[in-house]
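Colleague: Pulled these from TrEMBL:
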DOMAIN    1-82  domain 'GST N-terminal'
DOMAIN    89-211  domain 'GST C-terminal'
Amino acid sequence: MVVKVHGPAFASATRRVLACLIEKGIDYEIVPLDMLNGAHKDPEFLKLQPFGVVPVIEDGDFTLYESRAIIRYYAEKYKSEGTELLGKTVEERGLVEQWLEVEGQNYHPPIYNLVVHLKFFPKMGVPVDMKLVEESEEKLAKVLDIYEERLSKSKYLAGDFFSLADLSHLPFTQYLVNDIGKDYMIRDRKHVSAWWDDISSRPSWNKVLQL
C-alpha cells in the first residue's frame with residue numbers, strides 16, 4: 001500500500017517523515033499542499049489535521065499527524081524492514097526515545113528560532129528579533145556542547161547505530177549549516193561535525209533534498 005504524505009516536500013517536518021519512509025523502503029505519494037495560499041487552513045485539510053499544520057499521512061484508513069509520531073509509527077510498524085531505526089534491545093530503544101525527546105525539547109526550540117528569524121522572516125518582510133536570535137544561539141550552543149560530549153563516546157546519539165534520534169535532527173540542522181551562516185556551531189565541535197557529515201550524507205537524506 002502506498003502511503004499518502006500530505007504536505008510540501010520542502011517543509012521541514014515533511015522532510016523528517018520522508019527520510020524515515022525512504023530509510024524503511026516504504027512506498028509513498030506526496031500530496032502537494034499550497035500553504036502559501038492557505039490550503040492548510042482549508043476545511044477539507046482540517047478534517048485530517050485540525051491544527052492546520054503539515055505533514056499528515058494516510059495509511060489506508062489510518063490517519064496520523066505530528067512528524068515525530070509518524071516516524072515512530074513507521075519505525076515500529078516496519079521494524080524488520082529497511083534500516084533498523086529503534087535499536088535492537090529495550091535499552092537501545094530507551095536511548096533512542098531519550099534523544100528524540102532531547103531533540104524535540106532542547107534542540108528544536110532554539111534552532112527553530114534561529115532558522116525562522118534568519119532565513120524566513122527577512123523574505124517575509126518581518127522584523128528580526130536580534131535579541132531572541134542571540135539568546136537562541138546561546139541556548140543551542142549549550143545543547144551542542146552536551147552533544148559533543150555524547151558523540152565523543154558513541155558514533156550516533158543513541159549508540160553506535162543510526163536511529164530516529166539522529167534522523168530527526170536532519171531538517172533544521174540542514175538550514176543551520178547551509179542557509180543562515182551558523183555552520184560554525186557544528187564545525188567548531190569535532191565530534192558533532194563528524195556526526196553531521198555522516199548523517200547528512202545518507203542516501204535517504206540526499207534523495208529528500210532532491211524532491
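Each residue, glycine too, has its Cβ placed from N, Cα and C.
Looking at the shown structure, what environment does each listed feature sit in?
Modeller: Averaged across the domain 'GST C-terminal' (89-211), the predicted model reaches a pLDDT of 97.
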Colleague: Using DSSP, tally how many residues of the domain 'GST C-terminal' (89-211) sit in helix, strand and coil.
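Modeller: Helix, strand and coil residues of the domain 'GST C-terminal' (89-211) number 93 helix, 2 strand, 28 coil.
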